[in-house]
Amino acid sequence: MITIDGSYGEGGGQILRTSIALSAITGEPVRIINIRANRPNPGLRPQHLHGILALKHLANADVKGAHVGSRELVFIPKRLEAKKVEVNIGTAGSITLVLQALLPAMAFAKNRVEFKITGGTDVPWSPPVDYLANVTLFALEKLGIMAGIKIVRRGHYPKGGGIIEGYVEPWKERRELVATKYSSIAKVEGISHATNLPAHVAERQAKAAKEELSKLEVPVKIKTEVSKSLGPGSGIVVWAETDCLRLGGDALGKRGKPAEVVGKEAAQELLEQLKPGYCVDKFLGDQLIPFLAFSGGEIWVSEVTNHLKTNIWVVENFLGKVFDLDGEVGKPGKVKVVRRVE
């Protein structure tokens, strides 16, 4: 059994997500200690617990220590064979963080897996669902992974109640991904949404982002969306379509924060990611690591993050030496697969 120290690096929930996904994929039991040791409220939070329970169902696993506040967990997987996964986080816990744990494992299942997750679609400290649908899945398709996500209803902090549905097909053809420097940007697209708020909020966010992005001198098209849910909230995600991948930027609205500031923030984030001229933004880099181990290739990231380094560390705990990382945290960097896992 592999033992993973959950206090490594920034000691967050990501160690947990990646460890359990890899355990499910490899069939290798795992024991995780010191879970989220470096966080103000250590141990499992509801969204981690629901991700674990979904992976338990997916991998037919035996699990010990799966309760809120638990600092140690044992996960013993059997077979990846479930065809349907339903998760109700029960709070505004992040849907996309639960999906980050599920996606790699679902890609290795024997059959197509359909999923439905209830929780927060657009919440602080996690990728918004529009980013996952338009940037992450676009990159995974290049690796040969076919998946789709549909937003049924948005959910914001604190009420949640967002619903997404989707599917992942079995990963049949593993395509190497070489995404180094981009040479051109074709266009920028985006989605600006307002939930239980006036339509002008979404429109003002979009307009401010568009103005900021005009300096790229490419077509910019941002859709606006107005919807109803359990509570109010707004946000915007913008992404640049380059000749290799898409890079993204996003921002969330909050009470007292003008819509113009929200739109400008997302646009500036995207411009920041585009600056180094590399194909992979800092949010996508760490998400790709578990998949890259099996596909092979090389990615150049606009910024090396602690999340990226931590994910490499977890993957190599399971699979041995796989990656070479050139670059330090906070700076652009290069990740190369030196040994692809069959």
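Each Cβ is built from the backbone N, Cα and C atoms, and glycine gets one as well.
Pulled from Swiss-Prot, these are the features on record:
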BINDING   Gln100, Phe283, Leu284, Gly285, Asp286, Gln287  ATP binding site
ACT_SITE  His307  active site, tele-AMP-histidine intermediate
Maximum Cα-Cα separation (Å), residues Gln100, Phe283, Leu284, Gly285, Asp286, Gln287 listed as binding ATP: 13
Cβ-based neighbourhood (8 Å from the centroid) of the ATP site, residues Gln100, Phe283, Leu284, Gly285, Asp286, Gln287 excluded: Pro127, Thr136, Lys282, Leu288, Ile289, His307, Leu308
Same chain, 6+ residues apart, C-beta under 8 Å of the C-beta of Gln100 (ATP binding site), given in sequence order: Gln14, Arg17, Gln287
Long-range Cβ environment of Leu284 (ATP binding site), under 8 Å and at least 6 residues apart: Val135, Thr136, Ala139, Leu245, Leu247, Gly248, Val301
Between His307 (active site, tele-AMP-histidine intermediate) and Asp286 (ATP binding site): CA-CA distance (Å): 6
